Each structure stands twice: as C-alpha cells, then as structure tokens.
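Student: Before I ask anything, let me first share the structure, which is written out below as structure tokens.
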C-alpha cells in the first residue's frame, strides 16, 4: 500500500484502531466517564484527519475502496452523528447498572461499518461494512438485556437482517455469474461498452440487492420491523439506527445507482417508483395512527426515506445534491428529535408515549422549544433546514419530470403535518394536576442539553442561510458524477 493510499484510508484506519483500543481499555479498567471521553477523542481524531484524506482524494484503493470527496463527506457526517449520540447517551447510560462501557465500543464498531459502506467500491467491501454495522446493531438494540422489549427488538432485527443479507448475497452471485465482476467500476465499464450478452440475470441480481438494502432502509414492503424495533430499542440506539445506519446504506446505494447507470434501466426505475409511492404514503398514514413517539418517528423516518428515493430517481447533479443535502437535514432533525427522547428517558423508564410529553412546555420550556423546531423542520416549514431539503428534492423532481412522484411527495408532506402538529399541540397543553406532580424536578444532562441546542442552531442557520453548505454539497456531487 502506497503512502497516498495510507493517507486516504486514515479515517478508516483510525476508527478501527480506536475500536480495538477502547475494547482493551474496557477490558482492563471499567470506568464509564473514561470510556465516554476516550470515545469522544477517537471520533474527534477521525474527523480531524478527513481534511488530510481529502488532500489526496480521489484515491482508488483497489479493489475495495474509493476515497473521494463523496465518501469523505459521508464519513464526516457519520462520525459527527456518532459524536452527538455519544454526548446525548452519556446521561442515559449512567442509569444502566449492567456494564454501560461496552455501549461505546459497539458504537465505534457500528460507525466503522457505516464508514466502510460510504467508501465501498466493490460488493465484498459492501458486504463487509454492512455486516459489521448489522452485528454491532444487534448487540446495541438488545443492550439492556434485562428488558423484554429490547431483547425482542434485537432478535427481530437479527432474524430479518439475516434474511436480507441472504438476498443480498444471492443478488451478488447473479451479477457475478452474468458479468464476472464484483467491482462497481468494472460493472460501469461493462455496461457502458455493451459487453453484457443478456441483462436478465444482471437486473434480477440488482433487484435482489435493492431488496436487501431496502430492508435496511425500511422501504415498503420491507418496513414492518421498523416500528417495533424503534420502540424496543434504547433511545440513543434508536437515534443511531434512524440516522447513521440508514445514511450509510443510502450513500452506498446512491454510488451503486450512479455506477450502474440506474436511470437507463427502465424496469428498475418503474420498480423503485412504485416503492417510493408506497413508502411515502404508508409511512405517513401509519404515523397518523400512533400514540407512541418512537413509533411516530419510526414511520416518519420511513416516509422520509421515500422522499429521498424521489431524489435518487431524479438522478443527475441536482438529484445527487438533493439527496446529500437532505441527509444533512435528516441527521440534524432526527438526532434532535430522538435526542429529546433520550435526555428525558432512562434505561428503566423510556419517555415514549405521547401522554408523557403533554404539557412539557410548562416544566421544560427549552426542551419543548427544541422539540418543536425539530418537528417543524421534519414537516418542512420554511426557515428550517427541512424546508430547504424538501425544496431541493422538489426541484430535482421537476427537472426530471417525475410528476407522479412529486404529487405523492406533496401529499405525503401534507399528511405529515397532521401528526407533527399533534405532538406540538400536546407539548403546549396545560398539564393535569397529576401530570404536574409526576414532572421530574431533576436537572437535564448538561452535555445532552448543549448538543440539542447546537443541533437547533444548525437547523435554523442552514434553514435561513444554506449557501455555504450548498457549495460544499455541489463539490461532493461533482465527485460522484
């Protein structure tokens, strides 16, 4: 491996070394605060070396990885989200009696898997990254093993994820049988030169891969696990599952879609269009029926993945820009929303029912305000980053003339307003006497509160003045296209 390859791979090398080092620290000396601080230092170092890797990008590390601005941008997003989740989770994990330190080891390992996905340029590295991410998530979901819902969430995710991995492997086998190649670049060359004798096996393999990835992204009809798993998982793990896990898989999917020239495969486009419509409508309609905050946000997440699929199908520069910008917005909004749930919850008492948030403004006004901003942004209200993200997707859809998808996109956004406003109204209702008596007078975790405040600031700042972020994202899109 050359020095340039080594420099380009620094973020991946550092996160790997950090995971191993933290494992040894936990094995030798158990101290929750020390483990958390070591995790923060590791993630900050991973972020600090990204500019060094960017200086030598684009760098192909054959045959598995490509380190370009696109991969590094998503790595930065992954590490930043993991950093925020670490800060949000500290107060929550202090309430866990049984060995809270391993949580941070698993968080770093899951982040490693996600970062590998962002840099993958080969089906082998795709599968490696996906399995590291998935196995870490199995353990994280069932981490409070004394609680039945958490164990149930872990087992459900394990069984269904195993099935999706099998479909993924079968799809890879079909593509290899047809093309003799597993690298994304090799596939791109074969397709551009028309070297395929028949596209039947190739399209069947691609469809199976999309099915396997669709489970991870909880597209309809692969979404049935999402609400139960979100509800049963510890609050900080739910935040990770909703953001880092899905963001990394979608980053990989977008690279694969561009490399295989997805818009030229009519059958694939029709299939994904049906999935997008079903995902948007099902996510929003099912969210209307829920009284559990985690389940509402789970179905909201499903709907937002449908919105992102519209931008994916739009393709082109504007489509890639829309996807990337929306992921930044999505990370901020969902980290903030699940962050509020995290700082109010503990391992023994999750604040997840709508009734738990009724009248929150009257005893936690700051937290109610932050939650309100996050929900308004998820709904796409102007002056928030969510509005800019939705406008970007709409513009990409108009440029690609995806009228049916745009109509569904608008209808889904209107439906979403109802369940977001339902939560907001509950936040500001006058609490009952019993509710006031149950309100906890204890102070909120300082690090979690500061993290939420910073997320809210970014949400408003990039909603009002998104130009600097847009310029970065345009450079990222050019690196992929």
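Quick reminder: no glycine exception, Cβ is built from N, Cα and C everywhere.
Note that the structure is predicted; figures quoted are calculated from it, not measured.
The following feature annotations were taken from Swiss-Prot:
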{"type": "TRANSMEM", "residues": "6-26", "note": "transmembrane segment"}
{"type": "TRANSMEM", "residues": "36-56", "note": "transmembrane segment"}
{"type": "TRANSMEM", "residues": "71-91", "note": "transmembrane segment"}
{"type": "TRANSMEM", "residues": "100-120", "note": "transmembrane segment"}
{"type": "TRANSMEM", "residues": "157-177", "note": "transmembrane segment"}
{"type": "TRANSMEM", "residues": "200-220", "note": "transmembrane segment"}
{"type": "TRANSMEM", "residues": "234-254", "note": "transmembrane segment"}
{"type": "TRANSMEM", "residues": "268-288", "note": "transmembrane segment"}
{"type": "TRANSMEM", "residues": "296-316", "note": "transmembrane segment"}
{"type": "TRANSMEM", "residues": "323-343", "note": "transmembrane segment"}
{"type": "TRANSMEM", "residues": "368-388", "note": "transmembrane segment"}
{"type": "TRANSMEM", "residues": "444-464", "note": "transmembrane segment"}
Student: Please determine whether the transmembrane segment (268-288) and the transmembrane segment (296-316) are in contact (criterion: at least three Cβ-Cβ distances under 8 Å, sequence separation 6 or more).
Tutor: yes
Student: Could you give the residue numbers and ranges of same-chain residues that sit at least 6 residues beyond the transmembrane segment (368-388) on either side and whose C-beta is under 8 angstroms from one of its C-beta atoms?
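Tutor: For the transmembrane segment (368-388), the nonlocal Cβ contacts are 300, 304, 325, 328-329, 332-334, 336-337, 340, 357, 360-361, 413, 416-417, 420-421, 423-424, 427-428, 452-453, 455-456, 458-460, 462-464, 466.
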Student: For the transmembrane segment (157-177), find every same-chain residue at least 6 residues outside the stretch whose CB is under 8 Å from a CB in it, and list them.
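Tutor: Distal contacts: 123, 127, 130-131, 134, 137-138, 141, 187, 201-202, 204-216, 222, 225, 229.
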Student: Under 8 Å for C-beta pairs, could you tell me which stretch among 100-120, 234-254, 323-343, 444-464 has the largest tally with the transmembrane segment (36-56)?
Tutor: 100-120
Student: Give the one range among 100-120, 200-220, 323-343 whose Cβ atoms make the most pairs under 8 Å with those of the transmembrane segment (444-464).
Tutor: 323-343
Student: Mind checking which residues of the chain, 6+ beyond the ends of the transmembrane segment (323-343), have their Cβ under 8 Å from one of its Cβ atoms?
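Tutor: Residues packing against the transmembrane segment (323-343) from afar: 73-74, 77, 80-81, 84-85, 88-89, 91-92, 235-236, 238-239, 242-243, 247, 250-251, 254, 293-294, 297, 301, 304, 307-308, 311-312, 350-352, 367, 370-371, 373-375, 377-378, 385-386, 388-390, 392-393, 444-445, 448-449, 451-452, 455-456, 458-459, 462, 466, 469-470, 473, 476-477.
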